[in-house]
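Engineer: Pasting the feature list from TrEMBL:
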type     : residues  : note
DOMAIN   : B:1-202   : domain 'Heme-copper oxidase subunit III family profile'
TRANSMEM : B:27-49   : transmembrane segment
TRANSMEM : B:61-84   : transmembrane segment
TRANSMEM : B:96-116  : transmembrane segment
TRANSMEM : B:137-161 : transmembrane segment
TRANSMEM : B:181-201 : transmembrane segment
Amino acid sequence: MAIAEQRRTDYQRQVVAASGWTAILHDWTTTVDHKKIGILYVLMSLVFLVIGGCEAILMRSQLLFPRYDFLPPDTFNQLFTMHGTTMVFFVGMPILIGVGNYLVPLMIGARDMAFPRMNALGFWATLFGGLLVYSSYATGGAPAIGWFAYAPLTERTFARTAATDLWALGLLVSGIGTLTAGINFIVTILGMRCPGMTLRKIPFFAWTMLWTSVQILLAIPPLTAALVMVLLDRNLGAHFFDTQNGGSAYLWQHLFWFFGHPEVYILVLPAFGMISEIIPVFSRKVLFGYEFMAAATAAIAFISMGVWSHHMFTVGMSKTLDLYFAAASLLVSIPTGIKFFNWLATMYGGKIRFASPMLFAFGFLSMFLIGGLTGIMLAIAPFNFQLSDSYFVVGHFHWVLIGGTLFGLFAGLHYWYPKVTGRMLSERMAQWQFWLLLIGFILTFGPMHISGILGMPRRIYTYEPDRGWEVWNQITTLGAAIQVPSYALFVINIVWSYFKGPLAGDDPWNAWTLEWATTSPPPAYNFEQILVVKSRRPLWDLKHPDDPDWNYE
Amino acid sequence: MSSTTNLAHEEHPLSAGSILTLTQMGMVAFLVSEVAFFSTLIVAYLTFLGKDTIGPTPLEALSLPTAIVSSVFLLASSGTIYLAEKQLHLGSLRGFQGWWTLTFLLGATFLAATAYEWSELIRVHQLTISRNLFGSTYYTLIGFHALHVSCGLVAMLAILFLSFRGDVKSEPGGGAELVSWYWHFVDCVWIVVFCIVYLWGR
């Protein structure tokens, strides 16, 4: 404890001694330390989260009353395009990659990622990709094509300004950043584990990052190719998606969803990993069925590559394809169900602590379950025919991505914040944040299922008063308004606790994985000596030499 | 528990005894993503094959003899880069530089042949990227392959430059080896592209 304290003050003194902002700025912009790059990723994503959230609030304000004229239709189209693009590409993926960047080398007992400079390249490419997309506002307006960018809406004929080009270029550049991160994770996890840490002993979060990276490797390049085709269409007169000259809108949907569907799992698998770290620690039990969980992760990654056309049931594919993609989509629920029951079994009979990470983990379990169930509904093709492109779908995927990824992510951020900063978050603020988020979230996305069943299409900027949709839209907007203070509380909490939070010590949660074996925050070299691991819970072994885990594994 | 020192006492190399070195793994992962990229371009090519209402069609425009000649150059370069690596392995830096330079020249000749082919297509057949679907898909697929050949040539020049400074060694995961892996991959892609575009697609 004393050593940790000393190191922390040494570090602070160094920062002060290096004199002022320029030194700190230089330090952070040239860093190749995986921990600093991880922090940069997370901070960037939080900024984009606020921007994407503001876009959502603007849209919800416009939909508060029927025939409301708060926003013009074109602005509304730009807002939902930017909201979707931002949340998927510049919040979801980078924040998960950031957390992975920080934690994976620590968890596997390595000193850094395999390719530190490529790691820095990945972050800056992602950031500049985001800036490129947002620079479209300087050219007279954001793209108005939806985050899915369906052809032929993206052709010159329908999208005349440079905004669409900037959108495609931005995703191209950030895609290169994501790809380098994926390569880096795979090599790091496969090649840099400390002695004794076989693939059967890696912490579960590292395991999910491995499979997310495999999906990145297979899903991002097709998107890159498709974006190149769009750019060639728009700038050199090619005809890939130019339906007037034989091009195919159908091809775009296939290529986009071949990326877009695995993307859902790229976003949710790391959250699964975080939950799988948190639930055991706060239940004081080992993760139930580690091998089954691992196999289920691999199965999800594998199956998810073959289900993309369930986004296209209403396009008019053949009956055979509809049947195949419906069946394959339903298949995903089997490994996901395995995971679910294993999480529950981990808690069963455990001594559960209701600290904020566990609270968010509970939020994850209950909310993700509902999102999964509406997903099963949508995988059934005839049901999908009825509700495709309605608010039911909007409700479903927000339920999955917020109930799954975001709750999982908040659980993780609350769990690992003490490791990153050396300070505890305020538990009071965390609890308030949780309940506001949960209530706001249910009120926002629950009624969307109902307005969808009542026939409200997505992407419309206003609606007629006689459809019975007002009340559901108003509850939705109210829910969005309740979510705002929740996010604000989180930002206040991380800033306030950084200066005023109680000191955390090396291992505040009495956890079991290697990142807790070093100081909080860890030194630049992570570990003084490379560790040797003999079981899945090396810190348990260390704390209980009389009864180590390797006797049972 | 104050620090981690009591977990282990020996210093240990980074790798956990895997078959490949870190850079080798990185290259394999990168090439896997490249397979996904080229597969997408090939899917687009096949989707639009024969769907054009206006000419020129692949049968009218593509010259098989030109393609075969340029393929011979490219495939031969896979052989010479193998010989270059072998010389490096045997410790002959001069031998390495000779075969490596020959590989570069063969690759550059392939690129020149592609340039000639394109100029013929534009001049004689008026086939541009905006002419029809064949033009769009053909120039994109072949163009990205040519871009990869160009990147390979740049990498070869860099390795050649390093070898004159004496910085190239025969080691697993070394620069020369990684460039040769990449180069073999580019050749494999060409075999697939050749079969689809010049043989089957005509």
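Glycine is no exception: its Cβ is also placed from the backbone N, Cα and C atoms.
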Engineer: Counting only residues 6+ away from its ends, which parts of the chain sit with a Cβ under 8 Å from the transmembrane segment (B:181-201)?
Structural biologist: 24, 27, 31, 34, 38, 42, 45-46, 49, 58, 62, 64, 67, 71, 74-75, 77-78, 81, 103, 107, 138, 141-142, 145, 148-149, 152, 155-156
Engineer: With Cβ-Cβ distances below 8 Å as the criterion, list the same-chain residues six or more beyond the ends of the transmembrane segment (B:96-116) that contact it, or say none.
Structural biologist: 66, 69-70, 73-74, 76-77, 80-81, 83-85, 87-88, 142, 146, 149-150, 152-153, 156-157, 159-160, 163-164, 168, 176, 183
Engineer: Can you tell me which parts of the same chain pack against the transmembrane segment (B:27-49), counting only residues 6+ beyond its ends and a CB-CB cutoff under 8 A?
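Structural biologist: Counting only partners 6 or more residues beyond its ends, the transmembrane segment (B:27-49) has Cβ contacts under 8 Å with 20, 58, 133-134, 136-138, 140-141, 144-145, 148, 178, 181-182, 185, 189, 192-193, 196-197, 201.
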